[in-house]
Amino acid sequence: MYLQIWLQKNQVLVHKIVHTNFVEKLFCRKEQRVLQKAVWRVPQLQLRKTLVIVQNVQEYLENHKICQDLCRAACVCKRFSELANDPILWKRLYMEVFEYTRPMMHPEPGKFYQINPEEYEHPNPWKESFQQLYYDTIEDALGGVQEAHFDGLIFVHSGIYTDEWIYIESPITMIGAAPGKVADKVIIENTRDSTFVFMEGSEDAYVGYMTIRFNPDDKSAQHHNAHHCLEITVNCSPIIDHCIIRSTCTVGSAVCVSGQGACPTIKHCNISDCENVGLYITDHAQGIYEDNEISNNALAGIWVKNHGNPIIRRNHIHHGRDVGVFTFDHGMGYFESCNIHRNRIAGFEVKAYANPTVVRCEIHHGQTGGIYVHEKGRGQFIENKIYANNFAGVWITSNSDPTIRGNSIFNGNQGGVYIFGDGRGLIEGNDIYGNALAGIQIRTNSCPIVRHNKIHDGQHGGIYVHEKGQGVIEENEVYSNTLAGVWVTTGSTPVLRRNRIHSGKQVGVYFYDNGHGVLEDNDIYNHMYSGVQIRTGSNPKIRRNKIWGGQNGGILVYNSGLGCIEDNEIFDNAMAGVWIKTDSNPTLRRNKIHDGRDGGICIFNGGRGLLEENDIFRNAQAGVLISTNSHPVLRKNRIFDGFAAGIEITNHATATLEGNQIFNNRFGGLFLASGVNVTMKDRNAICVNCIKKCHQGHDVEFIRHDRFFCDCGAGTLSNPCTLAGEPTHDTDTLYDSAPPIESNTLQHN
């Protein structure tokens, strides 16, 4: 049968011609008829008297018979022995099969060497090499090598080898040998058990250049939950190189590396199209996995579990039907320079105390997120590129605490880093930009440390803290985002410290809907809207910030906003340094509000507030404008060098003024519209003449004002003034006799 297939398949060339009697002695009758029928199809030969030895020995070798037939032929007679031992024939056969130009000898365990055939004592060194190196089956070859427990070299030629028992427990070398793409033509397959099993003793074994398949007929978990294409067990470290690995089993994994001391090197392999996990590393196993392609697997491309700690470099992990890499249950590992993309779930998932290190990888175009750390996961993600994922570039949740440092996280279809559900983590030194939602989002009791990041050019806001989010956010640069640089809302209490928040297209820092927290020592500048906004029950502590250069106001407090605003420097804003309106009631203390292109502080529409010990100076409009039913308390402020009035009160507003120094303002110190009721708490304003004539011997405090209302001269004191009706040089025209000057601030609100 083998001869029939071979002769029909190949062009037949005559090498030696022998008599039919030899054929009759060599072959059985059935084989004779097959040979004669095949030979009769070649008309140019005397076919009944010939035996054909062919040139294309490689193809015949694939049917596993040529070597045996030549050796059998050599036993027929002396003439046939000479023909069957022809060195030229064996040389051609050898060079076609092994692709060596000199014979390789394997005379004893552990020894392989090539010889010069002219100097070798055996008359046919090519045949001798064949006899030392050639076996019919892989099992036979392994048996011959492993029984003696020595290093062996096994060439596996073209063909499909099915259901052979390949358990390797010695440091053998097994290499596919075929023309062209070798791995495509040398196929080893099992349908019942693991295809390759490496056991203790197989350290330094090598398997390369072949396809390894596990293709069970019954794919159920009942039969095959512990079966794999490659199974690498304890205390062995084989090398798997340039192999194609496939599994159609819906349980188990294509490659399983398990146990203490399991430390293979798997490189340049293709682990794809498997119906379960691609590569599974567990139970303290380690290993080096380099330059592999892992794709289109039904579950994770790589699983690392139970203290597995591999080194995985330059792998291409893509188009998985599940997650790209999944580390869980204390799994670890060092992942470097991998390209992880277009997986159905996250590119990289970390769970349940897993702690991998991921360095300089690209994690992108995920159908959900880039990196997902949850259920107390950890990990270090350093200098990666994380981009163009459909969900957040990084998710951190459920008491997880990873380190995200030095990454570029950009162009996501949602946010950059999303921390929720009691998540923690160190988010440090990253470049986060161009994402569709917030660069960093913190919510639901999460409390990360966010520092030294650049968060910019987002299509949404920079940092969004909501639903009782917390965290320490310090020394970041947040700029050029479409919405607020930082949002704090719904019961959140972050600490924002020493950040540079600038050049935003809306607000710098926005507290609303009971957003609280601390905003201290930040530079907040050059925003299209206010540098800081506080509204709807929010009550932050805002201290020692510099807020300047805004195209609107410095700080806006409105819609029942609160806040303690202390020791800030607020200057060079296009509108009021501080706005307080619509039932808001903040405390401003020891701030310097100066050089505004409008007013210093503008309080209107029912605004209140305590303004205490502030320096308000060199503003283009009123130092403090109080209007429309507002009633603040101003205590011990210094309001000076303004280009309009010091304090302007108008439109039915009231105010409590106590111990303020108002001087050297261009339009006077105190500007009152008609109908305004001002309370000068615990003291009365008295001009110099009244002090001299009416209040000699009384305790008085000298405060310099440009203009003020003299209670004594106006007859509002309980004792009549002796100068009433007497003209003096120091009595100024009362403000309520003149029309007020409206601040430009109101026109922009």
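Heads up, the Cβ atoms here are built off N, Cα and C, so glycines get one too.
Fair warning: this is a prediction, and the values are worked out from it, not measured in the lab.
According to TrEMBL, the protein has these features:
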DOMAIN    284-420  domain 'Carbohydrate-binding/sugar hydrolysis'
DOMAIN    436-558  domain 'Carbohydrate-binding/sugar hydrolysis'
DOMAIN    574-689  domain 'Carbohydrate-binding/sugar hydrolysis'
DOMAIN    666-725  domain 'UBR-type'
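DSSP states for the domain 'Carbohydrate-binding/sugar hydrolysis' (574-689), grouped as helix (H, G, I), strand (E, B) and coil, give 2 helix, 49 strand, 65 coil.
Counting residues per DSSP class in helix, strand and coil order gives 0 helix, 60 strand, 77 coil for the domain 'Carbohydrate-binding/sugar hydrolysis' (284-420).
Under DSSP, residues within the domain 'Carbohydrate-binding/sugar hydrolysis' (436-558) fall into helix, strand and coil as 0 helix, 54 strand, 69 coil.
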